[in-house]
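Listed in Swiss-Prot:
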type    : residues                                                                     : note
BINDING : Lys6, Thr165, Asp166, Thr207, Gly208, Gly209, Met210, His211, Thr212, Lys213 : ATP binding site
BINDING : Ser46, Asp133, Asn145                                                        : substrate binding site
DOMAIN  : 271-349                                                                      : domain 'PUA'
Amino acid sequence: MRVVLKLGTSVLTAGTDRLHRPRLVDLLRGIAEVRAAGHEVVLVTSGAVLAGWEALGFPPRERTLAEKQLLAAVGQGRLMHLYASIADLYGMPVAQVLLTADDFRDRTRYLNARTTLEGCLTRGVLPIINENDTVAVEQIKVGDNDTLSAFVANLVEADLLVILTDAPGLYTADPRIDPTATLIPVVERVTPEVWALAGGAGSHRGTGGMHTKLQAAEIATRAGTPVVIAPGDAENALARIVRGEALGTRFLAHGSRLEARKRWILAEIATGRLLLDEGAVRAVRERGGSLLPAGITTVHGPFERGHTVRLLAPDGSEVARGLTRYRADDLKRIAGRHSRDIEAVLGFTYGPEAVHRDDLVRL
């Protein structure tokens, strides 16, 4: 089994204001146990900003982008050194892999990243992945490591994504304020009702909350990878989950795995939205057809030709994602028009489809 494990800042600190070394030892021991049982593990970790904050003597936190990037630059090396020194105790070589959203958006970089990670796994190296915060401005940020872990699970075609956090899983209500709240052991699909249970932001030490974890679960399960959100302080959590023990909340995968190219389309961050009429929704969802300009009612950009866009039904629900053949400004001019009018309106044509069916992932 190939497993992607995501560790958030709240897990790495064990409730303190600094990286908790004993917790890291426990977590890496668990990874070593799972690897010894014949499984492959890819680790997605937070903690670089916190490690930098710790290294600089806990200065007041302004939370500006410049400060976060400074702290990440100071802390990333220290975080990796800590991981490497502990992993050495268990005979695990490690590799640092820093990614940005552009590495998932660009097909060549996406394939290069996958080749690197496959090489690590083939040679028994533990890849340790973080977002490259020192260079990732807002436009090229994945945004949080929960989402990053889902993209990585997609990238390596993982059999399971495990997100360890400071919560036991997804509850029917906030257990901190509602004593009747109960843990939800299995979620078949991330519905609007499930989203309503997500609550607000995460801890003051990290950037993620249950909302971002649900987003990660939705991305991964759509691509065919099941997800488990479980407590990071549970003893031997990773090994227990891999063995199939019920721990936390398990999100079931949607059908079979997507082919590699469609995994890439789903992994790319959608930069725009196309609102469709009912006829176009039926053509895409029920008949597996392409999206024609005639079926588009509204275009929300900006985006360029070849970018991933979300296709939405009139009620706002997402029907599919796909690669657009036209940039936003051009689609706005031909939306609602017959395909035969494209060249007359634009002065050129890239074909009759706004999004070809071969470039669509139906959801």
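Cβ coordinates come from backbone N, Cα and C, glycine included.
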Would you list, in sequence order, the binding-site residues among Lys6, Asp166, Met210 whose CA lies within 10 Å of the CA of Ser46 (substrate binding site)?
-> Lys6
Rounded to the nearest Å, what's the C-alpha distance separating Thr212 (ATP binding site) and Asn145 (substrate binding site)? Just drop the number here, would you?
-> 9
Rank the binding-site residues Asp133, Asp166 by the number of other Cβ atoms within 10 Å of each Cβ, and give the residue at the low end.
-> Asp166
Which binding-site residues (Lys6, Asp166, Met210) fall within 10 Å of Asn145 (substrate binding site) by Cα distance?
-> Lys6
Between Asp133 (substrate binding site) and Lys6 (ATP binding site), what is the CA-CA distance rounded to a whole number of Å?
-> 17
Other CB atoms within 10 A, centred on Lys6 (ATP binding site) = 30
